[in-house]
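K.L.:
First the structure, then my questions, so here it is.
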């Protein structure tokens, strides 16, 4: 019967899980479609002209509206110069391929000149300019070629110094905008010089004489220097290279393109107009020189439109990546804040459990075989003069000390009850035996498996080892869990030192007053149970006989002393800490029990235990004698 119930529950769980998975999948697909539709660059927006603000539809107001607010309409430059500079100085990994296209364009221009066979062509100059253009390509491509030619191994620098310098130069071309932009401008102007070299080296007087003779004899001029349309096509090749250069701002591209276009227009209309006017025209009724200029201008407009659209896409993508990165950083900050808040409310491993969604009928508790519990009560103060601020300051001092006990044998602050500070050691996830149980109710979903590992840490692992480096167990049979008692006692001793410093500096109490503030500390150890109470603002608390005994040790203790039970005193003796027998103390609900006080010297240090002090009957301590000793201090 139990197997049938188990299989039925397992079927219900798998069925509900499959339904939830399908719902999540459908919702994720719907949200992804909406996000793509609202992005400033997608399959629909790619065909649209950038629209004014008042014409943006409500469904597109998300990313597009934000991007338009952050950029200028002209040239799509960011309003923030920091963001514009951050975009401009991005690494251009395609620069070597752009230089390769420039070298290919230079080779094409040389091939065109060779086909024309002009008498005025200077081949030495063309080859020299081509080699100058080829040099940046070799520098930019050297790193990639070197990485491809080496074997698979960890990245190391080449041994030859010249090779290392070339690799640095190759990396600098891709990374530095101050190197990339001047280099691209230089190569473009060198290519323009190569395309117009036959025009500049032509003998104007000879060309004019040839044109005059051809017109007198009604013949077609031979154009021995250059072919006008060949020069225009070569300049168009140079302008087309702006389409393959990605890592240069659009404004600089426009400036370089206008400079090349202006130089060629001046060449056509001012200096060599008589040659371009006698070439063939593209349209009837349009002069040849105007046809050259219009042909070049139309292509330049096409380049500008295409570059403007590409610049819009790149900057919109960059803007959205920056927005997503900011959201990611804010999410990380919020997540860390939530972790810190939950870690301050609940222990680490419990906080990890409550991060997942839980049912309101699901209980949470833990059973621990051994926990050291401490109650520290602030007494001997004037209640009328000390208010919430003084309590807050003193508790903050205690919490600052608690930060040093967050590694091995972590101390958890449970709560503050009035002027009493409750803490426990041994509530680590590795020590508990049971952590969750569900109330048996008829539901379709089974409770999820809860995580056991905590992820929030506040101090290095060496802190607790530093605290107890001088204290070692004297018996080989000491239980490892007894270290919780030692750590808690060390923490209690440091609390007494904090109160001593507060009194000596007169922070909250007057030095001449008898009411200078004191601590009564009680410690007990043993099994305990812990759990979370409440669904809204959950509270983590501990219960059990050990907690009650620690509370009674505080209420029946002495000021500026550490009051412990007999079992706790025996554990401390194993760690070579002397504990003096106080006598039989009445504990409510238990009766008369033997209790001990941890021996401390005037500087608040532990006293070493000796076998002669094992007999407690002959070393009974009077409470009045301890009060007198504290007054003398």
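Positions of Cβ are set from backbone N, Cα and C atoms, glycine also.
Please treat TrEMBL annotations as automatic predictions, because they have not gone through curation.
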K.L.:
I'm validating the feature mapping. Which of 43-62, 63-82, 123-142 is tagged transmembrane segment in TrEMBL?
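P.N.:
In TrEMBL, residues 123-142 carry the label transmembrane segment.
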K.L.:
Name the residue range among 17-35, 93-111 that TrEMBL annotates as transmembrane segment.
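P.N.:
Of the candidate stretches, TrEMBL labels 93-111 as transmembrane segment.
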K.L.:
So, does the transmembrane segment (226-247) come close enough to the transmembrane segment (294-314) to give 3+ Cβ pairs below 8 Å, pairs being at least 6 apart in sequence?
P.N.:
yes
K.L.:
Should anything in the same chain at least six residues away from the transmembrane segment (254-274) have a Cβ under 8 Å from its Cβ atoms, list it; otherwise answer none.
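P.N.:
Tertiary neighbours of the transmembrane segment (254-274) are 75, 185, 188-189, 192, 196, 199, 202, 204, 207-208, 211, 231-232, 235, 238-239, 242, 289, 292-293, 296-297, 300, 303-304, 307.
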